[in-house]
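Heads up, the thing below is written out as structure tokens.
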Amino acid sequence: MTKHKRRDFSLFDGALAAHAAQSAVAKLDPRVLYRNPVMFVTGVVAVLTTLIFVRDLAMGAATAGIVGQIAFWLWVTVLFANFAEAIAEGRGKARADSLRATQSETECKRLRGKPTDHEEFEIVSSRALRKDDLILVTAGELIAADGEVIEGVASVDESAITGESAPVIRESGGDRSAVTGGTRLVSDWLVVRVTAEPGKSFLDRMIAMVEGAERQKTPNEIALNILLVGMTIIFLMVVVTLEPFALFSGTSIPVAFLVALLVTLIPTTIGGLLSAIGIAGMDRLVKANVIAKSGRAVEAAGDVDTLLLDKTGTITFGNRMADAFMPVPGVSERELIETALLASFPDETPEGKSIVELARKMLGSQVDVHQEQVANFVPFSAQTRLSGADLTDGSEVRKGASDATLRYAGATASLDLKRIVEGIAKSGGTPLVVARDKRILGVVHLKDIIKPGIRERFAELRRMGIRTVMITGDNPLTAAAIAAEAGVDDFLAEATPERKLELIRKEQNEGKLVAMCGDGSNDAPALAQADIGVAMNSGTPAAKEAGNLIDLDSDPTKLIEVVLVGKQLLISRGALTTFSIANDVAKYFAILPALFITAYPGLQSLNIMDLSSPASAILSAVIFNALVILALIPLALRGVRYTPATAGQLLRRNLLIYGLGGLIVPFVGIKAIDMAVSALALA
């Protein structure tokens, strides 16, 4: 099975960077800039400083040179912040363009009558299709619209959407009935009921989500914006009161210097990178083939407390394999193996194939039964919970759940049979009772295979403070054994849609955020109730509508990856906020002595960086303020590396690395810039 890797877009991708640079200039529009309060204030200050520069230049003032340079670097600060947002958006748009390339208008066969009448159809354009239309799709044709299979079974190539080269089976009546417009039928035929109007298909919504058209600020972003606005107002009041203090001290501070102080003190670093961090978080999910309906869903994933995971496909491979044949007293092992083999010859399920494989391996060359002995195959059904075969000699062979096979045999379970069945269940296996002509012969031990490495993944989640709950339809004994082997914290056995919903509500009532995944219509209520609902792309339309994240690979284990991306988003935002606020301390030591050193010569002792002159100190701080945004763009887009840890450990690490780093880096950076400014005689 081969997966085509989605193209990754580097910061230094020429075309992407050029387009982002153009967008950065376009974002200087005040109607766009006002959405970022910190950068809006910086933009207003840049305009004011530019006007002062023009006035000083016209009057031939000696300060015109330094004011002009401050104005230039203030504009650069705004442009760098806009560039960070534009490059993050550009990545999303580039991915959307690659998705849009898969869209094409195509002709299709719209049925005029009943779904079973394949001869009565008309050729129409895909754009002419409406919801509830029926279309016939045959091998080699593109599926013209999103829909639900109502007749037929076929292989579908979904590589244009998922990047997965192996075709998948789509059929009517189950959880694998949804098809996506733009995918191609590889074999057989399907009758599809259209479920989306033109322009509202899954691909259209995917493109809109990737481009960020539906992106809204998340609660944490709004809270952080309020903090940044509050800090901006406080620093604005501080700067406004400095001039009266200066006049009282017998000196005057140029307005350009005051506005430079304001811009260097307000948290421009995180203010400039905040949008880029959020957009990049959604982009990282797109790279993982997960589409987020909103940034809120990505952020909530980082705060998840409880993870509900389906056993089948997530914790186990989903294919139970025959592990042993266990006859009841009075029955030979050979008789049990041969009967199980006859009951499984025509069985195409993974379990049936594994029984045939194990039986042939154990009997070797002594196999004395053949497929020609099977006259009629009896497939498994949810009602009978049995499968088997009627043989040419008139015999019946059956295998199935313990209670169902006993009911078929009209017998009660012997103590020996109970002991075997309970022993298998306690070990985490599934007992499959075998009978011939209503006589119980013994049990086949079917074993769930735990995915390698899953126990370590759960240990990581536990270190993050996330509780894992396994959801399974198995009986409590089997569920307990598998839960212990896999290392999950808890389990819900004999799960029904109602019990899943009840569990989610119980967790939420305790103040916890819950994440789960699902693909069936019966999962839709729980997906809608969960704070994070990851719907499988192969699932039903109801499930995809209920979830707030869609996994294009239909891989249930992706839920763990979604949580890690959410954690990384929150950690990145917290780390850069810490760095931005710590920056202000160094800027304080650079600019404040420069403003008041004339009135208070004693402030020279605060000039611990030994900056050349007041003008050089102010210009160096403004230049550093702009360059640090550019330097941190790669980190904002890539995200801070996340390692599993508790909230307290993460806080201490952030304070040590980004808090201490935010204190030290400006001292070094501003001093280096001051030396360059002095050497070039710029101030």
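Each residue, glycine too, has its Cβ placed from N, Cα and C.
Per TrEMBL, transmembrane segment is recorded for 37-54, 60-83, 222-242, 254-277, 585-603, 615-635, 655-682. TrEMBL lists 109-211 with the feature domain 'P-type ATPase A'. Sequence annotations record features per position, and here TrEMBL assigns active site, 4-aspartylphosphate intermediate to Asp310. What TrEMBL lists as ATP binding site is Asp347, Glu351, Phe380, Ser381, Ala382, Gln383, Thr384, Arg385, Leu386, Ser387, Lys399. As annotated by TrEMBL, Mg(2+) binding site applies to Asp519, Asp523.
Features recorded in TrEMBL, as mapped to the structure shown.
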residue : record                                        : DSSP (3 states)
Asp310  : active site, 4-aspartylphosphate intermediate : strand
Asp347  : ATP binding site                              : coil
Phe380  : ATP binding site                              : coil
Leu386  : ATP binding site                              : strand
Lys399  : ATP binding site                              : strand
Asp519  : Mg(2+) binding site                           : coil
Sequence-distant neighbours of Thr384 (ATP binding site) in its chain (C-beta under 8 A, six or more apart): Gly400, Ala404, Tyr408
Of Asp347, Asp519 (the binding-site residues), the residue whose Cβ has the fewest other Cβ atoms within 10 Å: Asp347
Under 8 Å by Cβ from Lys399 (ATP binding site), counting only residues of that chain that are 6 or more apart: Ala340, Ala343, Ser344, Ile355, Leu386, Ser387, Gly388, Thr405, Leu432, Val433, Val434, Ala435, Val444
Integer average pLDDT (0 to 100) for the domain 'P-type ATPase A' (109-211): 80
Distance [Cα-Cα, Å, rounded] between Asp347 (ATP binding site) and Asp519 (Mg(2+) binding site): 25
Length of the line joining the Cα atoms of Asp519 (Mg(2+) binding site) and the residue listed as 'active site, 4-aspartylphosphate intermediate', in Å: 11
Rounded distance in angstrom between the Cα atoms of Asp310 (active site, 4-aspartylphosphate intermediate) and Asp523 (Mg(2+) binding site): 11
Fewest other C-beta atoms within 10 angstroms, as judged across Asp310, Asp523, which are the recorded positions: Asp310
Rounded distance in angstrom between the Cα atoms of Asp523 (Mg(2+) binding site) and Phe380 (ATP binding site): 23
